[in-house]
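Down below is the structure, laid out as structure tokens.
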Amino acid sequence: MGGPAAARTGAGGLRALLLALVAAGVPAGAYNLDAQRPVRFQGPSGSFFGYAVLEHFHDNTRWVLVGAPKADSKYSTSVKSPGAVFKCRVHTNPDRRCTELDMARGRTRGAPCGKTCRGDRDDEWMGVSLARQPRADGRVLACAHRWKNIYYEADHILPHGFCYLIPSNLQAKGKVLIPCYEEYKKKYGEEHGSCQAGIAGFFTEELVVMGAPGSFYWAGTLKVLNLTDNTYFKLNDEAIMNRRYTYLGYAVTAGHFSHPSITDVVGGAPQDEGIGKVYIFRADRRSGTLIKIFQASGKKMGSYFGSSLCAVDLNMDGLSDLLVGAPMFSEIRDEGQVTVYLNQGHGALEEQLTLTGDAAYNAHFGESIANLGDIDDDGFPDVAVGAPKEEDFAGAVYIYHGDANGIVPKYSMKLSGRRLNPTLRMFGQSISGGIDMDGNGYPDVTIGAFLSDSVVLLRARPVITVDVSIFLPGSINITAPQCHDGQQPVNCLNVTVCFRFHGKNVPGEIGLNYNLTADVAQKEKGQLPRVYFVLFGETAGQVSERLQLSHMDEVCHHYVAHVKRRVQDVISPIVFEAAYSLDEHVMGEEDRELPDLTPVLRWKKGQRISQKNQTVFERNCQSEDCAADLQLRGKLLLSSVDEKTPHLALGAVKNISLNISISNLGDDAYDANVSFNVSRELFFINMWQKEEMGISCELLESDFLKCSVGFPFMRSKSKYEFSVIFDTSHLSGEEEILSFIVTAQSGNLERSEALHDNTLTLTVPLVHEVDTSITGIVSPTSFVYGESVDASNFIQLDDQECHFQPVNITLQVYNMGPSTLPGSSVSISFPSRLSPGGAEMFQVQDMVVSQEKGNCSLQRNPTPCIIPQEQENIFHTIFAFFSKSGRKVLDCEKPGSFCLTLHCNLSALPKEESRTINLYMLLNTEILKKDSSSVIQFMARAKVKVEPALRVVEIANGNPEETLVVFEALHNLEPRGYVVGWIIAISLLVGILIFLLLAVLLWKMGFFRRRYKEIIEAEKNRKENEDGWDWVQKNQ
């Protein structure tokens, strides 16, 4: 909450600040405790002045009583720092002086106090606790828990503790209480020897309750004195008394827990089982004992649950409720908390909630808790919770308000010690309230800050309750305009807002600023208001005015609000809100010492300080509940695609239409609309209707389209048809199905049995429709090998004897579209052996995809250089030469072929783009040389495949997805050198053999035995006869 700095803002700035704070729902500065004019009392330095504080009155005089447990006493100068109680007059004390109370006590060490009692007041801490009897002449209890009985000091010094009952007038001698003293008891730890009574004290009308945490070896106990018969109630519960070191009595209080007419006492034991406990006891007058009726436990070790207590009837049901502090409760470090227990009757308490303030680091929230009475005049008591170590020991105090449900969880006010005065330290260690200290009819609050030896009195400001009424017509008829905005007829309504205020002891008049806002519910939702005011010729959704009000007088202002044309939402009510804040307060005559305080507006439990009222649009309904019955039908249409197509091909379809039909079978449907939840990758193009039917669409989000149907309402038994068109060109295809969730709704109630046809889901599968192809080339397409081929034409690997022929194959995969190909694989197979048992011919060096948009798996030959070894002889060689065959074709599709297959996976391939794969290989020619073929033809086959799981569909009858790449190895036919020599030699030998064979044959046939001599002589005779005439006759 704001502090003094905010309260000192100038008049203009204060008005703006108040309006802003009204809008935020929190009061300016503090709520109704005046932090601008604190009344501060200062005590002796280093005295812990303010360790305990108490508001007190006697007759018409108001006092602030202050404990200073480390002060020196002017009445006991020989005693070392016994502590003191100071009284500070509130009125007629302009210098804020405080004087020490004279308790007329012994001034020397060892003063007698009983048969076996001698008192030692050194460092007794008088004023460690203060309490007041709750009546007009109530006495005051002041205690010094470190007071010691030194009668047996040779054996033990007994810190019994000491309390003093001071009369109401603070003048006469009071009554000494040493509740733990028992004659002839001298043991230190046992029973009450070290009880330290008075560390905490509480006063009821009849009982004095004093905590004694040191009794029974620090199990602790309560000392409860009945003032009526001057007897003590005893605690005889062995289960409690035997729990050593629990410190029962560290904090005490009392209230009406079991019955409105019965007083019960409460004791805190912050060390009980390490978590702390709180016990409620009934003071049984018959037995004179304390009987346990309730107990509660802390939640965390070391939280010191029960070290502060406050009994207060928060909900005013006649039974006390209980607040328990745990100042060392830690989430990080000692933030502290307070647990609130509500009384369920008969002493049974139930935890309602826990308070944490601001949960500040090391704040020790809950170190002190005080009942303040009803400081804001709302009929319920309020409480203050101290956090003295907050803000590095500056301290803070939080104010909480009771109500019919118990306590308001949010504090109404936070008082920062640092903001009140930068010198304050441990502000909030002690708090006292419940008494009207300045006479304005409201209880005030006094807070101690003992490390700065200070006490601050904060006065409560009068609280004003403003009654606001907003008068509106019961309904608005939007079918018959009653007003004009310029020349245009419009619907309108009369708005009247009235104010009056009341409050206790509010002097003078008040100025009130207010803002009247039209259709505030729409504004809170970030939507434009449906109604507006016309001010000075301009439209406005809000009117701001200032009023001067006198007590209980009502003032009203009248306005006309116009309804906007073509209002879509005619079902939700129109809410008007009047938010208000105080302006100026006309003061009466001021007292110079304690001036009258300006009033504040009543806090509304953290809500906006405003008033609302609403009206509705008039509706024509036949049924009592005005229930509509919307019925939705729809169909998907893909552009330029056959209706029978079962899917949407990405890239092929440019837009998609949803044909919608909506019918109303019930009463008139107000604010009827059809909404479309669609993919964020779709873009809304347009809405189409055959004829104007009052349908309009608005894209509220990238994936949410809302279409209003009918204006101002969709009539009963009517039917509307329209289409909405979306652009599908940006669909990525990440989703398998494109879904449209269509919902029809209206502002009317619609019966549950009629909702089944209000929602429609339209879907269409998304696929990638592609036409892929693959082509390939090889380099070189052919090459020559053989013994006579120069070795420089080939490649030799390091330390290898083999000669290799480089072979490079380039494949290109192309996507004709229309969709992007999300992924594909390419396989290439080629023969790798001449025969099933032969050696591997190829060494794959690399296989890469262009632009690194894919990856390939390689199978490298571990023994790329193999030279086949065969048992040859000259005759085999010559035979091979003369028996060479023609062409050998190696093809993986032939049976018995041994092939090498390589694979590549390609990334997404957009429409009309290609991807290149380069395969680099080496062919071992040494293996080819062993083959007798003159030409070896290699058939490499490559194929592209799409993955069905990626929802890819190939276009039927499209481009081929397979290609054939052919390259040839040509064997050089020249024989080897030694073979040529052998051929010549063998040829000569064969020729001679043939000649000899012919000669023998001729000889056998007698060719060489002819009668050449007779033939010659016959020929000679023939010639001679030709020369004569009778050669013929002679011959005959």
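Glycine is no exception: its Cβ is also placed from the backbone N, Cα and C atoms.
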Going by what Swiss-Prot says, which of Asn515, Asn905 is noted as N-linked glycosylation site? Asn515
Could you tell me which of Cys483, Cys556 is bonded to Cys492 by a disulfide, according to Swiss-Prot? Cys483
Pick from Asn226, Asn613, Asn659: which does Swiss-Prot describe as N-linked glycosylation site? Asn226
Name the residue among Asn477, Asn677, Asn808 that Swiss-Prot annotates as N-linked glycosylation site. Asn808
Cβ neighbour count within 10 Å, max among the disulfide-bonded residues Cys98, Cys143, Cys195, Cys892, goes to Cys143
Tell me the Cβ contacts of Cys556 (disulfide bond) under 8 Å, same chain only and six or more apart in sequence, or just say none. Thr496, Val497, Cys498, Phe499
Three-state composition of the repeat 'FG-GAP 7' (412-475), taking helix and strand from DSSP: 7 helix, 35 strand, 22 coil
Of these disulfide-bonded residues, Cys88, Cys899, which scores lowest on Cβ atoms within 10 Å? Cys899
Does anything in the same chain, at least 6 positions from Asn226 (N-linked glycosylation site), have a Cβ under 8 Å from its Cβ, and if so what? Glu206, Leu207, Tyr232, Phe233, Ala283, Arg285
